[in-house]
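What TrEMBL says about this protein:
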type	residues	note
COMPBIAS	1-11	compositional bias 'Polar residues'
REGION	1-21	region 'Disordered'
TRANSMEM	43-68	transmembrane segment
DOMAIN	44-326	domain 'ABC transmembrane type-1'
TRANSMEM	80-106	transmembrane segment
TRANSMEM	154-176	transmembrane segment
TRANSMEM	182-200	transmembrane segment
TRANSMEM	266-290	transmembrane segment
TRANSMEM	296-316	transmembrane segment
DOMAIN	358-593	domain 'ABC transporter'
Amino acid sequence: MSTETVEQASPQADAPPRAASESTVASRVALLLPFARDDAGRYALAALLSTLGTLCQLGPFYVIYLAISALLDGSAGGDYLFGLAWAALALVVGQYVLMGLAMLISHRAAFGTLYRLRLRIGERLGRVPLGKVMSKRSGEIQRTLSDDVERLELFLAHAIPDVVAAVVVVVASTIWMLVVDWRMALAAVAGLVVAFALMNHGMRASQGKMGGYMAAMGRMNGSIVEMVRGLPIVRMFNRTDATFAETQDAIHGAAKYQADWGKAFLPLYTAFFTLTSATAITIVPVGLLLWANDAIGATELLFFFVIGLGYGGSVVKLQDFAAQLTVLSYGAQLINELKDAGELPEADHDAEFRDASVEFRDVTFGYGGADRDALTGVTFHAAPRTITALVGPSGAGKSTVARLICRFFDAREGAVLVGGTDVKEIPFSQLMRHVSFVFQETFLFDDTVEANLRLARPDATDAELEAACRAARAHEFVTALPDGYRSRIGQHGSRLSGGELQRLAIARTLLKGTEIVVLDEATAFVDPENEVALQAAIDTLVTDRTVIIIAHRLSTIAGADQILVVDDGRITERGRHEDLISADGLYADMWRAFQSTERIALGEAVHKADPTSTMEPT
């Protein structure tokens with residue numbers, strides 16, 4: 001990725017802030033509810049079965065109470081106790097059967113919800129401005145599609161049955177205890193009221209901390225993904241320690257954030273779990289006091305010792321639910337950002353496409369959050385079937401020009417015209433039928449060669465695939481693969497070299513057959529062995545097409561019909577190579593620097609081949 005892209009299209013510059021104050025937990029979770037509506041019946045059935053299972057869970061406690069009461073008053077007979085034992089067994093079996101069915105149904109419903117949610121995110125990613133998607137770190141999008149969506153499954157499949165069960169236990173037990181003795185009921189509930197207050201305070205405080213936690217995890221995931229993908233290059237240049245330092249910092253930052261957060265809330269949660277797990281602190285002394293004063297009978301006291309001492313654990317499930325809800329709400333954050341990003345307005349009918357020209361008319365554009373415009377007053381015209389080269393320092397705005405042609409973003413001022421029509425008036429699908437973009441970093445799917453090529457034209461014949469690859473100088477290495485065109489290329493094209501990936505990208509563009517091609521530094525990082533073949537492929541690609549090319553290797557664009565020098569977001573020079581050299585401006589300086597670099601490289605190559613040579617690297 002070029003410096004320009006890093007500086008101007010970074011997530012920090014372009015993405016909305018992830019502050020917790022911008023939206024509440026409820027509003028973020030509400031974004032996910034529409035995806036669960038189709039399975040509302042299953043969720044309701046799971047909740048009903050969970051409620052019945054929970055009532056069965058309470059049953060054995062009542063059976064124990066009846067048995068002990070009968071033993072205390074001497075009315076317990078063998079048949080009676082035997083019947084109670086069978087009743088308790090039936091209730092336990094019923095609890096597991098009903099709760100198992102509830103979990104099975106809730107999981108089926110949850111997986112259906114996840115399926116629709118992932119499809120929706122994918123569809124949304126396909127409609128929002130491409131620049132918005134490209135500004136996200138791959139680790140952040142991967143986390144949302146994988147980790148955050150899986151958290152939703154945990155919430156839907158487990159929280160619904162568990163929360164229903166917890167609420168039923170707490171409410172039913174409280175009502176039951178109030179009916180038996182309101183004083184003892186208040187004693188049992190007193191500690192839980194304090195625990196609920198602590199939980200509410202903790203959840204409010206956690207909501208403020210959760211944003212920082214998710215940001216730290218996003219940085220860590222993104223850094224790890226980038227480090228793994230770049231590991232071959234890092235090791236080749238012996239920069240493993242330096243590169244891993246960033247990943248280490250991200251990992252340590254996430255770990256420290258979690259540790260500090262845990263330490264801050266340790267006293268609060270210790271008090272919460274103590275109060276919910278030890279209801280005897282209030283029940284036993286109050287009960288013994290009332291019993292000593294004949295204000296309560298032994299049977300009632302026994303009831304509270306059996307029922308009251310056990311139901312506080314259900315409150316812990318409610319706390320777990322609240323914690324899951326907070327985490328889940330931030331899992332919905334990227335969906336919220338995609339929703340707020342909106343879609344570029346698109347014409348509802350095909351526009352007139354008069355020719356294969358590209359024109360910028362006084363275009364000004366800036367990335368959201370940047371402190372300066374990326375382009376200011378850019379004007380140029382690329383005639384049909386001509387080559388226009390964009391050169392300039394890193395971060396000058398070259399890639400931004402290319403992205404505006406393909407409508408990754410819309411210009412804030414001025415107009416970008418393709419085929420004589422403003423791109424805002426051309427449906428995106430029609431624009432892509434006329435314009436191809438060869439990215440700086442070629443991306444191919446972990447699929448076969450032919451499947452990747454047919455992304456350009458699904459109906460292409462085998463002969464057309466071969467012709468495109470021959471023109472792109474790719475046929476020879478493709479046929480050398482184990483299964484030829486049906487060979488899988490590996491994740492991110494790992495089984496091919498960078499130059500081979502670029503030639504396949506050019507073959508795909510040739511197969512698409514568009515009149516306009518944008519090459520974003522297509523030869524910037526190609527090894528010398530592949531450069532000759534790749535340059536021949538590019539020569540074929542640019543024939544009889546309108547080409548906008550960005551390249552640091554100035555020798556590749558010296559024959560361009562028009563060279564535009566971009567500096568600080570403006571076109572400062574324009575003309576043919578000879579004219580710009582004569583003008584002795586920035587382009588001439590860049591050309592001299594390029595020639596000097598080439599001489600140094602040539603000297604090093606000759607010296608390595610023949611150490612006795614008098615041509616030394618300078």
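Glycine is no exception: its Cβ is also placed from the backbone N, Cα and C atoms.
Between the transmembrane segment (43-68) and the transmembrane segment (154-176) there are 3 or more Cβ pairs closer than 8 Å, counting only residues 6 or more apart in sequence, so the two stretches are in contact. Sequence-distant contacts of the transmembrane segment (80-106) (same chain, at least 6 residues past either end, Cβ-Cβ under 8 Å): 42-43, 45-47, 49-50, 52-54, 56-57, 59-60, 63-64, 66-67, 70, 156-158, 160-161, 165. In the predicted model, the domain 'ABC transporter' (358-593) shows an average pLDDT of 87.
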